Structure formats: structure tokens, C-alpha cells
Ligand code: GLN
């Protein structure tokens, strides 16, 4: 059931909020044992909340998401609930407050069903680096669901929940959405408050939304976006709310960078993307071929800046402020033991990489150079957006791969982020929507827009989802 369908049933009285919640909970019971999307479900709390909604304990008229179940990713805080970030080091950490996005969802009448699996602290593209087991792709359980929000994408794709929120730092919402055949939206940086989201790479982190269709994404976005005094970066942009169906595809200029169709793209994916582009063209959109050479450097820029910020954000997990304590005789031994045992290999790899690019003697050659290159990338995209309204291409260079296939080869794993990191580095809104299949596995189409034009991106994607 989509959000709209749930709302129709609740409005005409054919279902109660409790019946909706019970329906999804029983689906989770049936499906999740074979998928491992959830780390925990809150069945008891969800039922109590649904009953409260049904008996008028909450204001029926103002709740924009009244009775709509949702889930979160394990790195978004909920008061009184464990938030482990997919890491052993925070295995028993309990959130002391609600993240702003969670609070707004709750206030709108949405019902939280549980927290979903993720790559440790968001470091990964397959959900295999979670400390709590691998999540499987619901379309083929031998394959990964993508990552790092793989649990969330798998939960939505298997209809265990209509929607959910997670983080997208370099593609963690869009890429798993693509690999699982659902929609994933990453907003303009700052459009959704990050208050209560565990920091990974602060200048790139956003909270994003996964749902089965763009309409549902827009419904969640309207509730959770907007300035928040608790996150200074949320006040720097003015992002209008989406009004779907407003976009005029006739005359819409679709930029298609040739760098998005490079050697890394799995043969066959291009056909699905071409088909989508032709659909837009047939409706009167204009294809604008783009050549943006710096896009070839985006992945390298990302994998210098991101680990640098990770290495600094992970400092807090020292067993003293945060993180499980491993008692040792002296302070250094204790910190070493806590971090040694608490972090997984991928997080350690990024801490090492980040510390290296920030260290004296290398900071100019790597970190500062990457910062300059990031600005150059932003300027190049600003230029490109003078000639087009949206930039379109594949979300992921491949469809879902077999579990284990890339796990021991970090560089190949990093390559799966090649098309998504661009919007992250530039702070731009981007969405992935399903468009065709390759060998029976879903392909994702990515649409990227100008800063603050989240509504246009959603609307242009909505047009494709609803045509024909
Ligand atoms: N897969 C990317 C990475 O490992 C993106 C992660 C994310 O967006 N959290 O860095």
C-alpha cells in the first residue's frame, strides 16, 4: 500500500490506523526473516500509537501523515531507542532525543515501525559492512540491496513499510533505491535538518527519503523539510515545497553529460536510460548533450574529502564520551582497545585514509586540493545548469551484484558511487527512480537539479513514473 492508498482507507473509514499498522507488522513478520532489513521493530509502541490515533488521541485534521507507518535508518536518533549506526561500538547506545525529522514525522501522525540495517556509520555501498549481518535484496536474495541504506530500501521494496528516512552522504539513499527498484530522494544540502543524524561526513550528509513512488516521497518531504534552529545548515537555503504535476515537460531541457556513459557503465544499462530519455523527448523535452570533464574526478574528490571528515567525526567514539567501554589499565590502551574492537574494517580503512590526507605534509597535496576541486565541480555544474533544467543519467553503474562479490575489493565497491557523489559534492537535489531492468534486475534513473530546486526534480521524476 502506498501512502495515498493508506490515506484513502483511513479517510473513508475502511481501515483504522491500527489495522494499517497490524498489516505492515504481519508482513514484516513474514518477510524479514529471509531479508534481514530490520535491526529492530517497535511492534508494541506502534500498536499503542495507532490505537491512540484511532481514538482521537492525536489531531486527525492536522496530521499530514496520519496513520502512515514509516521506518528509519539506524543512524537517526529516536528518544529511548537504540541507535547503533550499524556499529558494534554503539551497540547499546540509546538516543536521548528525537531527530528533528523523526519529531516532525511523529507530530504529523506517522507511526514508527522500527530501525533498519545499514553499512557501519554509512561507510559502504552494499550493507555488507553492517556489524549486524547482511541485508538481502528482496528481488534476488543472493544479491545485495545496495547501501548504505540497504535495510531501508529492502524494507520498502518488499512492501514491509510504505516509506522511510535514511542518510545520503554520497548516494546511500539513491543507490540502494536503484538496486531495489524503488524511489530514493536526496535533498538540497540543508533542506532537511540533520539534527539527530549521526555525523559521517558533515559537509555532505543529508537526510533522504525512500518510497515506492515520487508522490509518497513528496508527502514525506513536505513534513520533514524546512529550517530548524537546531541545525544551522538548515537555514541557509530556501526550498519551495513540491507541487506534483506542475512541471511542463514540453520544453524541459534535459542535460545528459557524456561522462555518465563511460566505461564503468555496465553494458545494457544504457538502453534503459535511453528509453527513458526518449519518453521525455517524445513529450517535448529537449535533450542537451553536456561535456563536463571534471565529473571524471568526482569520485576521487569524494574519496579524499569523505574519509577526511569521517576520520574527524569518528573521534568521538573513544569509549569515554561515546562507544562501548573496554576497560584497560591506562587511557590510551582503553581508547585503542575500544576502537580496535568496536569499529569494522571499512570504517578503520576510512579513518586511516582520512588521517593520511589530513596529515602534515599531505594536507596540501590531497585534502586542500580536493576542496578546490570540489568548488570547481560546483562551478562546472552551475555553468551546465545555464543550458538545462535537470541533469539525467544512470544512478548506479551496475545492477545489484552478488553478496560477497565486491566485499574484499574496496576500490570496485567505491566505483558504485561514481554517479551519485556528484550531487553530494555540489549539495544539489537528486532522485533515483526505477526505469527498466537488466537481466531481471532494476535499473535506476537519476535526475539532478539546481540548488533549491528539489520540487522540480521530484516533479520531473513524477512525470516519468506516471506517464504511460
Ligand atoms: N557508498 C558511499 C560511501 O561508502 C556513500 C555512503 C553514504 O552516502 N552514506 O561513502
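Glycine residues also receive a Cβ, built from the backbone N, Cα and C atoms like all the rest.
Features as listed in TrEMBL:
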{"type": "DOMAIN", "residues": "20-457", "note": "domain 'Amidase'"}
{"type": "ACT_SITE", "residues": "73", "note": "active site, charge relay system"}
{"type": "ACT_SITE", "residues": "148", "note": "active site, charge relay system"}
{"type": "ACT_SITE", "residues": "172", "note": "active site, acyl-ester intermediate"}
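Here the Cα atom of residue 148 (active site, charge relay system) is found 9 Å from that of residue 73 (active site, charge relay system).
It is 11 Å from the Cα atom of residue 172 (active site, acyl-ester intermediate) to that of residue 73 (active site, charge relay system). Selection of the active-site residues 73, 148, 172 by a Cβ distance under 6 Å from ligand 1 yields, in sequence order, 148, 172. Shown in sequence order, 115, 116, 118, 148, 149, 151, 152, 164, 165, 166, 167 are the residues of the chain, 6+ apart in sequence, with a C-beta less than 8 angstroms from the C-beta of residue 73 (active site, charge relay system). DSSP assigns residue 73 (active site, charge relay system) to a strand segment in the three-state reduction. Around the residue listed as 'active site, acyl-ester intermediate', taking its Cβ as the centre, 36 other Cβ atoms fall within 10 Å, counting all chains.
The average pLDDT computed for the domain 'Amidase' (20-457) is 95. Residue density at residue 148 (active site, charge relay system): 37 other Cβ atoms are found within 10 A of its Cβ, drawing on all protein chains shown. In the three-state DSSP scheme, residue 148 (active site, charge relay system) is classed as coil.
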